[in-house]
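Trainee: I am attaching a structure below and will ask some questions about it afterwards.
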Amino acid sequence: MTNVTVVGAQWGDEGKGKIVDWLSERADIVVRFQGGHNAGHTLVIGGETYKLSLLPSGVVRGKPSMIGNGVVIDPWALFEEISRLEKQGVRISPDILKVAENAVLILPLHSNLDRAREEAAGAAKIGTTGRGIGPAYEDKVARRAIRVCDLGDEEILRLKVDRLLVHHNALLRGLGQPEVVAGELVAALLAIAPKLLPYSSPVWRDLEAARQVGKRILFEGAQGMLLDVDHGTYPYVTSSNTVSPSAGTGSGMGPSSVGYVLGITKAYTTRVGEGPFPTELNCAIGQRLGERGHEFGTVTGRARRCGWFDGTLVRQSVQIGGIDGIALTKLDVLDGLEEIRICTGYRLGDQVLDYLPAGMRAQRDVVPVYETMKGWSTSTHGARSFDALPPEALAYVRRIEELIGAPVALLSTSPERDDTILVQDPFSG
Ligand code: IMP
């Protein structure tokens, strides 16, 4: 038995929530290791829909869950989410949820700055979720962030807030915005401290103790590999490393703890926000994918951009992220299409490329090279075995495996948990 790390292999929204929920039954602990409440994971359990942003998906089933040091935490958003889930009957307490004491906090000044900067950027905006993710990670790397543990030491907290505001108030003055008053920020943090501190823990030690007794850990990634701050479509990315090795650094475990890497991959492609998208479909087919796939952001409600499956980009994710196998989701959204296209490479001027180069101009200008496959008219919705798939759908799945160089370990055919075809159990390695 091994640990499993789940990452998105595209631009996020691949359906990680359902797969993590499905896997969490086999896991002993579920850990979030990067991102923050920019994520949106939807779980459908027994007809009830749960929407999670910051909490590891395991909490819905009462699994021990942890928020690692690599996550940025808006404590107010965290308790809003907890109380929303409690209204749906989910009990969350410090005995099942632990929050890394060394995780960085997202403060109201981060979300305000995120939105102000996006507004000021006009056409050059990134299309962030406006949750303050980027500014919080900037403060972390600049060594001026407030961390969970600081809430337990008022003297240190005051010192750190003063230091933080030297930077932020200068920025706010430049943007023509009102400055933050140190005393007010400290008071707000001291008010939330008694709620958050009971959850605070040296998560790395908790995980080490779990490792020593052979517990199975499920690492739950957020966003997708093409949004990785190093390997994604920079600068149209999020501000964390979404790749699988972050499971170790973002929780305090060694590289071998990452275990089997499962890349969640949608049978077509979507993206929210700005940035390059070579296989985007600005036509009736794109609209149809969006409608049939309910492609609206969980967090912001924005309509997602839709396009054909990009085998070149997913292959890149498989190679960079060390993806061992994929969970292919939403195949049924393609039901009824006469023809389906798959991108196998790009043309850039007179060059033919089998990868997406890093430059902004190249990423904007590449033209996809497509292969056309026959569609299928019968429904794949809710199929529970490969034999139940129409031959054209099976051929599509096999072609995807060939193009990306990784096997389909799981195939999800509806949002319902049981509509999942297991080919290879990731926990068995
Ligand atoms: P940020 O993470 O809010 O800074 O946003 C940066 C980019 O990542 C934007 O294009 C967002 O739309 C995108 N993004 C952030 N979180 C998610 C997610 O969970 N799913 C899909 N896209 C996301």
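Cβ from N, Cα, C; glycine included.
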Trainee: Looking at TrEMBL, Asp13, Glu14, Gly15, Lys16, Asn38, Ala39, Gly40, His41, Thr129, Arg143, Gln223, Thr238 are annotated for IMP. Which of Arg288, Arg292, Arg302, Arg315 sits in that same site?
Mentor: Arg302
Trainee: Using all protein chains shown, find which of the recorded positions His41, Arg302, Arg304 scores highest when you count other CB atoms within 10 A of its CB.
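Mentor: By the 10 Å Cβ neighbour count, His41 comes out on top.
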Trainee: I'd like to verify something. Among the recorded positions Lys140, Gln223, Thr300, which ones have a C-beta closer than 6 angstroms to some atom of ligand 1?
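Mentor: Gln223, by Cβ distance under 6 Å.
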Trainee: Run through Gly12, Gly40, Thr129 for me and report the binding-site residues whose CA is within 10 Å of the CA of Lys140 (active site), in sequence order.
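Mentor: Close binding-site residues: none.
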Trainee: Which entry in the list of binding-site residues, Thr129, Gln223, Thr300, has its Cβ near the fewest other Cβ atoms, using 10 Å as the limit?
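Mentor: Sparsest of the binding-site residues Thr129, Gln223, Thr300 by Cβ contacts within 10 Å: Thr300.
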Trainee: How would DSSP class Val299 (substrate binding site) in three states?
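Mentor: Going by the DSSP assignment, Val299 (substrate binding site) belongs to neither helix nor strand, so it counts as coil.
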Trainee: Ten-angstrom check, please: count other Cβ atoms within 10 Å of the Cβ of Thr298 (substrate binding site), all chains counted.
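Mentor: Its Cβ has 16 other Cβ atoms within 10 Å.
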Trainee: Other residues with Cβ within 8 Å of the Cβ centroid of Thr298, Val299, Thr300, Gly301, Arg302, Ala303, Arg304 at the substrate site?
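Mentor: Near the substrate site, the remaining chain residues are Gly40, Val272, Phe296, Gly297.
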